[in-house]
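S.K.: Quick paste of what Swiss-Prot says about this protein:
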- D453, D459, E462, E463: Mg(2+) binding site (BINDING)
- 39-147: domain 'tRNA-binding' (DOMAIN)
- 400-475: domain 'B5' (DOMAIN)
- 698-791: domain 'FDX-ACB' (DOMAIN)
Amino acid sequence: MKFSENWLRSHVPIQATRDELSATLTAIGLEVEEVTPLGESLGQVVVARIVEAVRHPEADRLQVCSVDAGQGELMQIVCGAPNARAGLVAPLALVGAKIGELTITAAKLRGVASNGMLCSAKELGLDSDASGLFELPDDAPVGQALAEYLGLPDASIEIKLTPNRADCFSVRGIAFDVAAACASEVVAFDAVAVAPVSTRSLAVELDAGKDAPRYCGRVIEGIDPAAKTPVWLAERLRRSGVRPVSLLVDITQYVMLELGQPMHAFDLETLHGPIGVRRSRAGEQLALLDGRQVTLDDSFLTITDAGRAVALAGLMGGLDTRVTETTRNVFLESAYFDPAAIMGRGRKLGLHTDAGHRFERGVDPALPPQAIEVATRLVLELAGGTPGPVVHAQLPEHLPQPVHIRLRRARIARVLGIQIDDADVVRMLRALGMHVEAVAEGWEVMAPSRRFDIAIEEDLIEELARIHGYDRVPTTLPGGASRIAMPSETQLDELSVRRQLVARELQETINYAFVDAALLERWQLTEGLVPLANPLSAELAIMRPRLLPGLVATLGRNAARQAGRVRLFELGKVFAAAADTGAAPGESQHVAAAVCGDALALQWGEPARKVDFHDLKGDLMALAAASGAQLEFQPSTQPFGHPGRSADIYREGVCIGWIGQVHPRLAKALDIDVDVIAFELQLMPLVQRTLPRAGELSRFPSVRRDLAFLVPDEVSWAAVSASVRTTVGPLLREVQLFDRYVGQGVEPGFKSLAMGLILQDNSRTLTDRDVDAVVADVVAVIEREHRARIRS
C-alpha cells in the first residue's frame, strides 16, 4: 500500500516527524518499505506558461520558448521536450534553483541563451514520468511557487501489509492505527447523503446469494465531459502510485484509496436494463477494459445488464460500458463481495487489479453506502450533474455480523506478562474504532466491520500488544515449578513392560488405530464399535476395539514372507462406544503379543519344535512377575480362540484379558497356515503392584513332598492350587505343578496332576510328623472339594 504522508495527516492530526511516523508504522506491524521525499528542494521552481514556442535555428529537436513566470517580463528558455507548446502551463526552475544534483544557471544552447529550465515530473522528483514536461492545469496561477501550488513538501510512503490487514488498504484505515499508537483521534468523516434531484435509477437484482449480499448504485446525469481532474486529487493519486486517467475514473480510484472501497463507473447510455449480480455461465464471453476478450467458467461473479455480462465483479469493468471523454451520464457502482467469491479468480485470467487485491482480502461490508455518497459529492463538485436516488440492494442474512468478544483483565496479564491500565486499554481499543463497554471482569468489545481479523479474545490482546508496543513487553524466561511426575513405585511403567517383552525375544510393532470392519467381522468383534466420520479409506473406517486383529494380521504378513519364527507385541489404545448416546467413546491402554513358528531360534543344543500355548504363557508370567501380579486362568469361550487351547485371564477375580491359540478357522480366513498363539490384556490392571515387604529369612531347612492326584477333567489346576494354599497356610512356601498326564492307566474323564509342596517354618525345623499332618490335610481337602483321589 502506497500513500501520501500529507493525505494521512489530513485524517489524523499528529505531531510526529516523518521519521517518527515511519518508525511508528513499522512498530505497529505496518512495515515501511520505502519513504520517498517529494518537493523538498523546489524553493526556486514556479508555475509558468509558455507564451510562444518556435523551432531552434540550429537544432531540430529544440524549441526556443517565451515563458511567462510572473517575473514582470517574458523569459527565454530553450527546451527539448516533445510536448512543449504555446499555452502549456508547466514548472519552471529559475536560475539558481537546485534540481537534484543539478544547479540551474544561465547558459547558451547551440548559440541561443536560456535562463532557466522547464521541468518534467521525474526531474522534479515527483513521478517517474520523463516523457515530457509536467503539464499543469490551465488555471494554475502563473508565478506561484510550485511547492505551494502542489501542497509540497510531502512524502510517498509504501508499507508492506500482511494478508490479515485488509483494512489498511486505505488511508483512513491506516489512520486508525496511527491514531491509536500516537494517542490521537481520527478526524470525523463527512459522509452526508446527497439528496437526489432526479428520479432516474436502475433496478438492482442480487442473484448470487452470500457471494454478493450488498450492492449500491446511483445515476448521475448531465456531467461536464470536459471537466479535468483537479491538481490536488491528481497529486494524491500520483503520490499513491496511481496515474491519473480521467475525472470519473480518478474519482473512483480516489475513493478506493481513501476509504478502501473499490468502485466502478459505467456509461449510463450503454446500459439497457436492470443491473444484476450473478454467477457467470460456462463459456460466457466478456470484453474487458484492458482490451482482452475472455471466456468465463461458472466460478466468476458478473455484473449484468438485461442478462448480458458487462463487468467482472470485484475485478475489472467491461470495455463496452466504460466511461469515455464524451460520457455525460454515469451509473456509479459500490458493492460488497464475499472474499471467497473473488479469491483466485483474477489469477485464472492473468488479472491483478487493485480492486481484486482488496476484495479477495475483505472489504468493509458497511462501506458501499458511504463510498457512493463521497463519490457523488466529488462528481457534483468537479463536473456538475444531476444525481438520482441511491439504489441499495442487500441480503441482510448473508452480510457479516458483528462479533462481540469478552476481554478479561486477567487474560491480558497472563498472555502478555504485563498489566495495562484500564484507561489505556479502553483508549487504544476505541482509537482503533472498536465499541467498548465495561463489565465486571473486563470489557465487552465489538470490533468494527472492517476488521475481519478480529474474532477471539487473543486477537484483541494482540492489538493491545501491538499498539502498546512490543518493546514495552519485558523479555522473561518461562518460570514455575517442574511438572515432571515422579515415577510411581506401585505401577510398572510402559517402558519396563516393553523391556520385559523385548527380553523375551518379542519385537514391538505399531499398527494403525483404525481397522477394517470386515476384519472385525471375521473376529466376531461387532459390538460397541466406534466408526470414523471421515475415514482415510473404507479399509480404515473403525477405531480398533482390540489390538489382536491388527497384530495378528501383521504377523500373518510376515509369516507369508518366509519368516520362520515371528514374535510380535504391541502397546496401544483400544476404543469402545460409550453407553450413553452422544458421549465420547471410551479408550484404554492394552498390551498384546502374537507368536508363530519355531519356539526357539535356530541352534544345535535342543531339538526344534513349534511354539505352543505354554511358551507364550511363560512369557506372560514373566511379565506378571515383574509387577507381582498373581494371574489366574479359566477356560475361555471367546469365538476367536481355539476351544480347547485358550483361557480368560483373571487378577483378583476380575477378567483382564485372554490368552490362547487363534481359532484355526479364523487363521485360515486370514490366510495364515500356521498355529498362532496370542494374548491381550488391559495394561493398567496388569502393571499395578503392591510394594514388596521385607520378611524374615528362615534359618531352618525346607521340606518337599510330591503328590499326584487323579482329578476330573473339568477341574483346573488353579482351583486345586488355591485349595492347597488355603489349607496349608503360612507353612507353604510354594506349590508347583510339575506333571500333567492323560492316557494309559488313567480312566477316561480324569487327568493326573503331580505337584510339589515346599514347606518351611521360621521358628523351628519341621519334623516328619508335622509334614505328614500337612500332607494328610491336603489330601483330604482335595479329595473332598474336587472329587479327586490320590494316585498310587
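Backbone N, Cα and C define each Cβ position, glycine as well.
I would like each feature placed in context: is it buried or exposed, what are its neighbours, and how far apart are things?
M.R.: In sequence order, N164, R165, A166, D167, D459 are the residues near D453 (Mg(2+) binding site), counting only same-chain partners six or more apart with C-beta under 8 A.
Averaged across the domain 'tRNA-binding' (39-147), pLDDT in this predicted model comes to 93.
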S.K.: Among the binding-site residues listed here, D459, E462, E463, which has the most company in the form of other Cβ atoms within 10 Å of its Cβ?
M.R.: E463
S.K.: Apart from D453, D459, E462, E463, which residues in this chain have a Cβ no more than 8 Å from the mean position of the Cβ atoms of those residues at the Mg(2+) site?
M.R.: R451, I454, E458, L460, I461, R466
